[in-house]
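J.: Quick one: structure below, then a few questions.
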Amino acid sequence: MSLTLWQQCLARLQDELPATEFSMWIRPLQAELNDNTLALYAPNRFVLDWVRDKYLNNINALLNEFCGANVPLLRFEVGSKPVAQAISQPVMVSAHASAPGVVSRPAPTRPSWDNVPALAELSYRSNVNTKHNFDNFVEGKSNQLARAAARQVADNPGGAYNPLFLYGGTGLGKTHLLHAVGNGIMARKPNAKVVYMHSERFVQDMVKALQNNAIEEFKRYYRSVDALLIDDIQFFANKERSQEEFFHTFNALLEGNQQIILTSDRYPKEINGVEDRLKSRFGWGLTVAIEPPELETRVAILMKKADENDIRLPGEVAFFIAKRLRSNVRELEGALNRVIANANFTGRAITIDFVREALRDLLALQEKLVTIDNIQKTVAEYYKIKVADLLSKRRSRSVARPRQMAMAMAKELTNHSLPEIGDAFGGRDHTTVLHACRKIEQLREESHDIKEDFSNLIRTLSS
């Protein structure tokens with residue numbers, strides 16, 4: 001009975017929730033029905049609190065639907081059910097998996113991550129930046145899932161999300177999260193061997209090992225770490241020997257229950273020049289996108305950065321900067337640094353007029369690059385239609401969806417009002433523009449393809 005009940009709940013929740021959310025929060029749960037009490041076991045307190053806060057109503061509604069008058073009492077616990085009595089085992093799937101199923105991957109060869117002794121004879125270069133942690137990472141809708149996944153990995157390395165693959169454009173916080181995970185793991189286990197590096201460093205180390213006839217030492221070094229954090233994995237493209245060695249390193253680490261975290265500027269399957277067998281393995285754990293920050297997050301980033309520098313930044317000034325610079329966090333912080341430097345040099349107060357002057361060239365370039373005309377041309381080219389189609393009255397999906405996307409882009413990337421955007425799209429009403437923006441926002445939550453289109457277009461228009 002309990003097996004059928006929880007499987008029914010899983011099937012419905014997978015239909016109702018975005019794939020990433022289902023894989024990250026629901027799949028790891030184990031269930032047991034005993035004495036009219038349904039116990040759900042979460043791998044750690046973080047998952048338990050998140051599920052109870054975000055999905056309790058969904059689960060209760062399904063229990064009421066499936067059980068009628070005999071609804072069991074729902075109880076949450078941290079831990080796992082003893083194997084002999086376990087009802088549903090957690091299944092590790094990619095965030096983009098379309099159906100439940102066991103992922104084909106090697107079983108860990110060591111039972112507990114915590115019980116592995118440190119290898120004192122090897123000298124490790126951690127390279128983890130202690131300045132980057134979860135506390136100073138500004139969370140928003142665009143990066144919420146990525147931060148949550150990274151936090152879980154830091155709390156439970158070598159667990160359900162192995163490997164963790166983070167992808168998104170430049171300057172969105174992927175590297176910050178890598179370092180935050182590294183710091184989190186080492187805070188929990190000070191003697192952990194955590195190694196952070198750019199993918200090019202892996203290539204350089206391998207080349208040096210080949211030159212010095214030290215390839216066995218190279219293998220031993222990388223295969224004995226507790227956690228390997230590699231940035232910009234796309235730079236492995238077309239480096240066949242490096243890919244071959246990383247393939248075997250990857251397998252060895254997973255078999256040893258050692259944590260792997262990778263970042264890239266694109267979704268794993270879209271990385272050109274990387275072998276399919278590697279791209280397949282990249283998706284064995286959890287794949288999460290980081291998108292450009294929305295307005296509220298950009299404002300929060302500016303305010304936090306100013307606070308770290310003991311600078312009083314008026315809210316209207318932060319909003320002014322955030323509304324005009326939209327591409328990534330790095331650009332925002334660079335602009336704020338310039339404003340702060342100018343204020344220190346001149347002794348002037350930071351006002352909107354002062355920011356206009358300090359960032360004159362940057363703002364002028366941004367306004368020149370991102371216009372509604374430019375957006376229309378870029379979107380039309382991306383979807384292989386004509387600009388005239390976007391302005392027409394045609395309602396076919398092949399035209400209507402790109403038109404909605406272009407309107408959403410115009411609202412996101414320009415300072416034009418909704419009526420002005422509507423006028424630029426064939427004299428449409430502002431309510432049509434508002435509907436388009438809300439529709440695209442909804443589809444970004446439901447469709448991986450729409451989310452990718454949005455991110456690709458933002459990246460193109462903001463570069």
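Cβ from N, Cα, C; glycine included.
Values in this document were obtained by computation on a predicted structure and should not be read as measured data.
So Swiss-Prot says this about it:
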BINDING   Gly171, Gly173, Lys174, Thr175  ATP binding site
REGION    1-83  region 'Domain I, interacts with DnaA modulators'
REGION    127-343  region 'Domain III, AAA+ region'
REGION    344-463  region 'Domain IV, binds dsDNA'
J.: Count up the helix, strand and coil residues in the region 'Domain I, interacts with DnaA modulators' (1-83) according to DSSP, in that order.
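T.: Taking each residue of the region 'Domain I, interacts with DnaA modulators' (1-83) in turn, the totals are 46 helix, 17 strand, 20 coil.
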J.: Tell me the Cβ contacts of Thr175 (ATP binding site) under 8 Å, same chain only and six or more apart in sequence, or just say none.
T.: His132, Asp231, Thr263
J.: Whose Cβ lies within 8 Å of the mean position of the Cβ atoms of Gly171, Gly173, Lys174, Thr175, the ATP site, other than those residues?
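T.: Counting only non-site residues, the set is Gly168, Thr170, Leu172, His176, Leu177, Thr263, Ile290, Asn328, Val329, Arg330.
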J.: In the predicted model, what is the mean pLDDT computed over the region 'Domain III, AAA+ region' (127-343)?
T.: 91
J.: Within the chain of Gly171 (ATP binding site), which residues six or more apart in sequence place their C-beta under 8 angstroms from its C-beta?
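T.: The list for Gly171 (ATP binding site) reads Ser327, Asn328, Val329, Arg330, Glu331, given in order along the sequence.
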J.: Run through the Cβ atoms and count how many others sit within 10 Å of the one on Lys174 (ATP binding site).
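T.: Other Cβ atoms within 10 Å of Lys174 (ATP binding site): 24.
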J.: Within 10 Å of the Cβ of Gly173 (ATP binding site), how many other Cβ atoms are there?
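T.: Gly173 (ATP binding site) is surrounded by 27 other Cβ atoms within 10 Å.
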J.: Count up the helix, strand and coil residues in the region 'Domain IV, binds dsDNA' (344-463) according to DSSP, in that order.
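T.: The composition, in the requested order, is 93 helix, 0 strand, 27 coil.
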